[in-house]
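*Asks:* Just dropping this structure here.
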2 protein chains.
Amino acid sequence: MTPDHRTPLPTSARTVFFVSDGTGITAETFGHAVLTQFEMKFRQVRLPFIDTLDKAHDAKRKINEAATDGQRPIVFSTLVKTDLSHVIRQANGMHMDLIQTFVSPLEQELGVKSTHTVGRSHNIVDSEEYKNRIEAINFSLAHDDGQSHKNLSEADVILVGVSRSGKTPTSLYLAMQYGIKAANYPLIPDDFERGKLPSSLPPFRSKIFGLSISPERLSEIRHERRAGSRYASIENCRYEVNEAELMMKREGIRWLSSTTKSIEEIATTILQEIKPDRRDY
Amino acid sequence: MTPDHRTPLPTSARTVFFVSDGTGITAETFGHAVLTQFEMKFRQVRLPFIDTLDKAHDAKRKINEAATDGQRPIVFSTLVKTDLSHVIRQANGMHMDLIQTFVSPLEQELGVKSTHTVGRSHNIVDSEEYKNRIEAINFSLAHDDGQSHKNLSEADVILVGVSRSGKTPTSLYLAMQYGIKAANYPLIPDDFERGKLPSSLPPFRSKIFGLSISPERLSEIRHERRAGSRYASIENCRYEVNEAELMMKREGIRWLSSTTKSIEEIATTILQEIKPDRRDY
């Protein structure tokens, strides 16, 4: 069990299991989205790699043990093999069997039988898509924070913005999740004085996307890093953000404000705007 | 539509929509896990941020237009608001409504009404969990490839292994997905000659986890980076892998082979083994 150490759970918290023959990431991502609809705390237990009958029986036992005070656990599962799924469903729980619920109707709709293999991770390491993701992570790391001007023509996206506007995590997320090669360049006072984008960027204008942020939020983030510095002061943040936004407008660069957006929301918006040709699904 | 440019789709490919009031990442992750069960190609279209009735009607129109030759599109949706979900379900498609399918039964089970707010991303940027993720990404970047020995006591996990065994992508994934602060250190010929772990590591043995890899795979990966080098030669890869595994055994470090494992599988295994106290769910 992995309760959050910062917010002790009431002893009566309902237990939720994420059971999978793979990593359990799909079950967990989906389970979280559903559970967020309820203003309750849950104890969460992930049971990954349940890929044999022995492990399934072991998992069933754990679920049964977690039932207390007449409260049965909630079980989100993505077990592709029906025999494993059958064992788990015998446990005393409320079952949300993601595969069985949707795969059978889909078989009917598509007029073909499912292969009942194990999730996406099956042979994933040898796939083109996976290799592209790893290559994109390496590219984004090498092109973080304007470190390298080499091979910018290979970039799918080039992010620009003031320091701490969210460029680095967004670049890494685009690479990790979508295999997008994302370079990023800081816009710094030198650029504002020259009134021009960093010199290697103009040839790639169509791939450039800007991140802005409210000066107040920026100042807060920068203070966490360098408390009391001029760099973090609200006056300096106002100056930099204003100059960066003027520059992006002048250069015709699309941009968004990252102030209230998560990495995932920023990345999704960028993909909608830039529509890179090379996008792995 | 975002067909993969490397494998042209047959014109008859069925269209799949991922419709969400947020980023669509949950719908897409889940949809992929289900669709992988079918040996068919699909045209995939993501429709994120569908959070008003106007946008819902627009999405409905797109779905209707994609129906061809009597083949209706498949629609995976995570729309929390019932009025939006109602509009989408009027479209001519096979609907996999993830929220409605599971939220109503859960309301019954839990004896409370759902809040019908929008997914996890609701106010996510201000949450402790989100801040921890960003902090962890910065930590993992600063401690990539043995770059910094500072604040190792803050690390949740320290990965070791020969160059190109998968440490960097795994560290970044742990940080991005779970808010785990993951440092990583390469094991290099100098360490093998001294017969000792890099000197800053022994105090943190309980957090150390090793990645190994088959020499053949390693040589392949290194050749892509530095073709024809001694570094990439199979003899050198055999030597390094053998020495690294001997050292990990000698030092009592748990390790796994990354040869056929995806980043997600490696990260899940590490979390099971290390069980860091600070784990964000």
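Backbone N, Cα and C define each Cβ position, glycine as well.
Dumping what TrEMBL says about this protein:
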BINDING   A:Gly161, A:Val162, A:Ser163, A:Arg164, A:Ser165, A:Gly166, A:Lys167, A:Thr168  ADP binding site
*Asks:* Mind checking which of A:Arg164, A:Lys167 has the fewest other CB atoms within 10 A of its CB? They're the binding-site residues.
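*Replies:* Checked A:Arg164, A:Lys167; of these binding-site residues, fewest Cβ neighbours within 10 Å: A:Arg164.
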*Asks:* Inside 8 A of the center formed by the CB atoms of A:Gly161, A:Val162, A:Ser163, A:Arg164, A:Ser165, A:Gly166, A:Lys167, A:Thr168, which other residues of the chain have their CB, for the recorded ADP site?
*Replies:* A:Asn184, A:Pro186, A:Leu211, A:Ile213, A:Ser258
*Asks:* Would you list the binding-site residues among A:Ser163, A:Ser165, A:Lys167, A:Thr168 that come within less than 8 Å, Cβ to Cβ, of chain B, in the order they occur in the sequence, writing 'none' if nothing qualifies?
*Replies:* A:Thr168
*Asks:* Just to verify: the residue among A:Ser163, A:Ser165, A:Thr168 with the fewest other Cβ atoms within 10 Å, which of the binding-site residues is it?
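*Replies:* Ranked by other Cβ atoms within 10 Å, the binding-site residues A:Ser163, A:Ser165, A:Thr168 bottom out at A:Ser163.
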*Asks:* Near A:Gly161 (ADP binding site), how many other Cβ atoms are within 10 Å of its Cβ?
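*Replies:* Taking every protein chain into account, the count is 28.
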*Asks:* Which residues of the same chain, at least 6 positions away in sequence, have a Cβ lying under 8 Å from the Cβ of A:Gly166 (ADP binding site)?
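*Replies:* Long-range Cβ contacts: A:Leu211, A:Ile213, A:Ser258, A:Lys261, A:Ile263, A:Ile266.
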*Asks:* For A:Gly166 (ADP binding site), which of the three DSSP-derived states applies: helix, strand, or coil?
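*Replies:* SS state of A:Gly166 (ADP binding site) = coil.
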*Asks:* Please list residues from the chain of A:Val162 (ADP binding site) whose Cβ is under 8 angstroms from its Cβ, counting only those at least six apart in sequence.
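*Replies:* In sequence order, the residues whose Cβ lies under 8 Å from that of A:Val162 (ADP binding site) (at least 6 apart) are A:Pro186, A:Leu187, A:Ile188, A:Ser212, A:Ile213, A:Leu218, A:Cys237, A:Glu240, A:Val241, A:Ala244.
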